[in-house]
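Here's the structure, in structure tokens; my notes come after.
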């Protein structure tokens, strides 16, 4: 059969990474990315891009660890290459602190990040409100920079990108052989996924170049993540809130909480406020499905629902989605060769 045509719907970090993995693993395919929003207007552009996994209750831990390890290994290689600056990826060391000792002193990802260890008494003196902590080095993506780097890689590989709002996956069946759904929170409406819900996140991006270490409260709500150009301060987790408007009261609350962890932030300049809707569900939806109407079939691969943890696992889930696309291609080639017999 002719080169199978694959449409990837969605151009956040999940969509672009999935498209890139399909190009790498299925080189005979023709890949197109369709999205009504590209960087800098995607949910991924708001993300802090820190590789600290969020746990999915509905996904086996060994699977989550594999996704994280593949993502960390991939980004670590980029951070050690000449492309690190252009891709916006760098190592950052810091602390995760707890008001009381957590049940799990060794998270499942502790041997994937670098140099994971309990904090010393001397280090804990920096955080008098906290009694336990972990120190480690991980990776951070400056998200808009990384998305543009992914787009550049895709264009170099011959992938077409079109600004298009897809209202129904079925509308693509005449133009494409396989559709990959990476629409994030858009899947709530696009495929009617009632298990998917928004968790609103508001963050501040500030100019505070003296802040070099990340600090994260163990509850995951308050965090300070230094990037290449700006420091991200967070955050919020508001379930079922669809509002994309910044809330001034929340801005003050985030700033005050972060200053209580790092007093020098009082001097931070040029505060920008960003809001994104994390596409959350009990587990990432990563599976094949065949849509069918009147005897016509359309293979679909879903890869969405990463919630707060998309950056930490994006490459791992993209590789799995690309493998599923490979299965769809093999099935199509098998049916076309049977049709010839």
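Glycine too: its Cβ is placed from the backbone N, Cα and C atoms.
Not measured: the values here are computed from a predicted model.
According to TrEMBL, the features are:
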- 1-19: signal peptide (SIGNAL)
- 5-324: domain 'FAD dependent oxidoreductase' (DOMAIN)
- 43, 44, 166, 183: FAD binding site (BINDING)
- 223, 278: D-dopa binding site (BINDING)
Surrounding CB atoms that lie within 10 Å of the CB of residue 223 (D-dopa binding site), all protein chains: 24
Cα-Cα distance linking residue 223 (D-dopa binding site) and residue 44 (FAD binding site), given in Å to the nearest integer: 18
Cα distance (Å, whole number) from residue 223 (D-dopa binding site) to residue 43 (FAD binding site): 19
Among 43, 44, 166, 278 [binding-site residues], residue with fewest other Cβ within 10 Å: 166
Long-range Cβ environment of residue 183 (FAD binding site), under 8 Å and at least 6 residues apart: 9, 10, 15, 166, 190, 304
Residues 43, 44, 166, 183 binding FAD per the record - widest CA separation, whole Å: 19
